[in-house]
């Protein structure tokens with residue numbers, strides 16, 4: 001007799017989809033066709049072969065054999081199906097090996113704590129049946145339990161004997177099935193050392209829903225309702241299609257596939273002639289231009305020609321405030337004000353009066369967001385005005401013309417010849433070297449230096 | 001009872017036409033710079049009536065949505081060409097962790113990665129050569145979060161120690177990295193995820209204590225905290241937007257919340273998953289994000305339409321998705337699952353393009369490289385794999 005206690009557990013939701021599959025497999029009409037299977041001289045009813053399982057999964061879910069075998073194997077490993085031949089080995093063999101469905105009583109989702117008492121009774125039964133010849137780890141566990149719950153050992157032995165007596169009165173086929181079921185259950189709940197432990201779930205997630213009433217928090221109410229922007233995602237994916245190495249390849253070749261790092265060498269931040277794809281990408285959206293350090297550099301060159309470089313410098317300085325150390329905010333804000341916003345500032349930026357007023361107000365209590373409005377204003381100024389003009393400029397057009405467009409190299413004729421995989425300098429090393437050189441940091445230069453990749 | 005009060009007044013505020021969401025801060029001891037909804041309760045309010053009010057509002061919202069005749073993404077994408085045969089293989093296998101790999105992150109140099117594992121080890125690799133370049137042993141087990149600093153000069157990590165620590169990467173082979181360790185974040189439960197913002201100076205964290213938080217690295221000061229999840233927060237991702245002020249988080253309460261980093265407010269919330277959300281990742285344009293959940297599905301949420309627009313699922317996938325990421329163009333979504341496989345989805349058409357076998361235990365973490373040339377998966381089988 002097994003004692004059981006129901007407890008709330010997050011395991012439950014993990015098992016449920018698996019159980020749906022198991023239930024579908026046992027459907028009288030659409031499930032697997034169960035048959036008698038022969039196990040040596042005994043006929044076991046209501047069984048199926050490994051092949052049956054794989055084929056059913058392939059058909060039901062329209063998947064290939066490899067995936068079906070994988071899924072089926074997981075069902076066995078999790079104790080929902082057990083093998084009749086070699087019952088200690090919980091794997092799915094895609095052949096005529098016989099298998100049976102585990103009784104729901106023993107499903108891992110039932111979450112009865114597999115108690116020490118139950119395990120002791122099981123091992124005792126086995127010990128008696130095998131006349132003391134238990135397997136190593138089971139023998140060890142048996143001895144440990146004997147010590148730990150010695151005070152109830154009489155009860156254990158009595159239960160074990162009673163269950164053995166009852167089972168002797170069953171037909172051989174039933175006895176075999178019940179023994180296999182129980183064994184499969186314990187293989188899952190007390191796995192042999194070194195074996196896969198399916199019970200492992202990682203650190204417990206304290207699901208607060210059980211201890212607290214959760215009222216649904218509704219989001220962005222009716223005011224914000226918009227029709228789905230139909231083609232946004234389609235357009236984006238199409239635009240970036242040829243830039244996506246996984247969709248379109250990677251000129252001249254993907255370093256991970258061919259071990260040739262030319263692709264990276266051609267796209268460093270210090271390269272003198274950028275690639276065509278890269279220059280093209282700057283025209284997709286303003287943020288693409290700004291987030292590429294080389295793009296930003298080239299854009300700065302253009303702005304300098306237009307005598308509006310202070311806008312980009314201001315934007316960079318604001319970024320530096322927003323993402324920099326907390327302690328340096330007041331100092332940086334002061335400097336930015338002096339350089340860009342104060343009347344007669346050397347790099348004065350044209351911010352509208354309302355924004356300026358708000359910013360000046362905020363300067364009294366400088367925080368990291370004090371420049372946000374002004375920064376946004378200048379950002380959109382550049383985006384709407386300088387950026388489109390840059391794309392039409394000779395400077396940009398020349399870049400495009402001169403840009404490198406490496407040919408996609410053909411697959412190596414000798415695929416077995418492995419190239420030497422060159423190492424590259426650790427970015428921490430590069431940064432350290434730069435600092436040691438004592439390079440002065442311009443105010444407004446990007447705080448973050450993207451690590452250079454050199455071949 | 002505080003939750004009930006706050007939620008009731010929030011509902012009332014919304015009904016009166018005030019846009020936006022007031023969060024109910026669970027802990028009143030935290031100074032909250034954001035507006036708080038007024039804490040009033042009507043004499044007739046009971047748990048039952050408030051619950052009913054909530055259900056009614058929910059139903060009304062669905063009604064309004066239905067009026068707009070919104071369609072699913074795959075219907076819009078019906079006419080576009082299907083993707084052809086898809087071949088991706090393991091190009092590198094990184095062996096060196098002695099236990100389950102739990103998390104990884106790419107360096108901006110497109111080839112280095114940092115990974116963390118159950119036994120407390122954090123390793124920095126040049127994935128291209130498979131050389132290990134740095135290693136540090138944390139004083140705790142289950143290091144579930146790690147991140148590479150944008151400069152490439154430091155890594156952040158944490159887990160069951162409830163903290164997020166930053167280790168500057170020293171090139172002196174003899175120097176013990178642990179010596180320069182800086183404790184930055186302090187939560188009251190495990191650290192589930194961490195990410196640097198645009199610089200080395202700020203870190204965003206999520207925790208089993210149900211909150212997210214933004215920290216100043218230099219001083220360890222808490223800059224902003226984000227309350228609103230009703231259970232453990234398991235993941236987060238920063239938005240690649242022009243204004244760079246939002247991020248999304250997912251939790252055990254089945255919700256994905258979008259937050260304003262300035263105010264600490266939750267500005268959007270999505271609750272369509274049927275189980276824990278293990279992973280969230282923005283679509284490259286920032287207009288949407290994908291999520292992976294224990295309910296064995298991945299979903300796509302459109303931020304401007306304010307709803308779920310795609311579900312990526314298959315009846316034969318019966319284990320949870322632990323980690324998701326997009327290819328560079330956003331056309332492909334890679335999902336690492338607890339059944340040891342990686343499923344590749346066509347984001348637009350909704351069908352599965354490929355299934356990748358190789359790992360011998362759960363896939364716990366998955367990230368596409370910064371230039372989209374490859375993705376890395378980490379697994380409970382102690383290894384990391386680079387696929388291209």
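Positions of Cβ are set from backbone N, Cα and C atoms, glycine also.
Annotations in TrEMBL come from automatic prediction, not curation.
Annotation source TrEMBL lists coiled coil at B:44-74. Mean pLDDT, taken over the coiled coil (B:44-74), works out to 70 on the 0 to 100 scale.
Among the features that TrEMBL reports, region 'Disordered' is placed at B:15-37.
Sequence-distant neighbours of the repeat 'WD' (B:94-135) (same chain, 6+ residues past either end, Cβ-Cβ under 8 Å): 141-148, 150, 152, 155, 157, 159, 167, 169-170, 177, 193, 361-362, 364-365, 367, 369-371, 373, 376, 378-386. Positions annotated as repeat 'WD' by TrEMBL: B:94-135 (among others).
Secondary structure counts, DSSP: the repeat 'WD' (B:184-225) has 0 helix, 25 strand, 17 coil. Residues or ranges marked as repeat 'WD' in TrEMBL: B:184-225 (among others).
The repeat 'WD' annotation in TrEMBL covers B:226-269 (among others).
Residues or ranges marked as repeat 'WD' in TrEMBL: B:270-311 (among others). With DSSP states grouped into helix (H, G, I), strand (E, B) and coil, the repeat 'WD' (B:270-311) comes out at 0 helix, 23 strand, 19 coil.
Counting residues of the repeat 'WD' (B:323-355) by DSSP class, helix then strand then coil, yields 0 helix, 19 strand, 14 coil. The repeat 'WD' annotation in TrEMBL covers B:323-355 (among others).
For B:356-388 (among others), the entry in TrEMBL reads repeat 'WD'. Across the repeat 'WD' (B:356-388), the DSSP tally of helix, strand and coil residues reads 0 helix, 17 strand, 16 coil.
Cβ atoms under 8 Å from those of the repeat 'WD' (B:323-355) belong to residues 72-74, 77-78, 80, 82-83, 86-88, 278-285, 290-292, 294, 296, 298, 300, 310-312, 314, 317, 361-368, 371-372, 375, 377, 379, 381, 387 of the same chain, restricted to positions at least 6 beyond its ends. Across the repeat 'WD' (B:94-135), DSSP assigns 0 helix, 25 strand, 17 coil.
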